[in-house]
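What TrEMBL records for this protein:
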DOMAIN    55-139  domain 'Cyclin-like'
DOMAIN    148-276  domain 'Cyclin C-terminal'
Amino acid sequence: MEFDLENPLTDSQDLNSDSVASLFLTESDHMPSQNYFSSLQAGDFDVLVRREATSSILQFSCNLDPLVSYLAVNYLDRFLSCHLMPQPKQWVIKLLAISCVSLAAKMKKTEFSLTDFQGEGGIIFDTRTIGRMEALILGALKWRMRSITPFSFIPFFISQFKPQDPLLWQALKARAVEIIFKAQNDINFFAYKPSIVAASALLCASHELFPLQFPCFRKALSNCLYLNKESMSQCYNAVQAVVLEEYESVSEAISSSVTPVNVLDQRFSSSESENTNGKSTVTTLRMESDIKRRKISHHCHNRTVHISQFGQ
């Protein structure tokens, strides 16, 4: 039977068997070392190096399955945790990135061309050179290429929610996947196991999409014996911060799309309203700003309440 990277528990019966316990037990073997996380935090390893390598991976894999890029970044972090390179040359970063993408594409059985990956500019690596780097990566990862990622745990956690509507299941999964992809860029998530990240992303997605059912989702995850509740609470806070940053970015993008003509129109409408009624003194733009501020404040308030409830 083939190993499914997104759902290692290929049989529905596996959700209630020893396969679940095995998945939780071995997930730590597919994470970067704690020393790597500490080095990034302390500045011993340049975060910009990882950021540049990650950017190259996303560029090389932009036309492939998104899971390919996620796996490639996972390989990158696990390799760097074994081979810290304080000041690598540009060509080394590019070679490392293209090799990680190549390995991830092979694991996903995705057709690809090394020439297309590398583009036309800069150094073009031949197949032999990339193969040598792949061998170095495989050795560092001890050939553990079937990475256990947060996506591996999503089906199991959703089964704990017992959703009746397939559309609800799909919407919840889709939003959780989006959150997981965004969280991968934040080095602070290295401190959490893939299962904790998956559970936190699903909990956040359920709060967004189905607030009335959120208490049931929260209770279901609280009763999961495989999850550390303290770590879960901390990761949930971190996920909420990522989501809030996403909201603020969208809000800023919308605000910046307001043209000078629109501003003049809004001011004219406001002035006309003041002259007509003698009561309206707040412009449309200020009202929109207040609404945004209230929404963000309300969101933060809700987050605090739910985290305290989760602890209870």
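A Cβ is built for glycine as well, from the same backbone N, Cα and C atoms used for every other residue.
In the domain 'Cyclin C-terminal' (148-276), the DSSP tally of helix, strand and coil residues is 104 helix, 0 strand, 25 coil.
Per-class residue totals from DSSP over the domain 'Cyclin-like' (55-139), listed helix then strand then coil: 57 helix, 0 strand, 28 coil.
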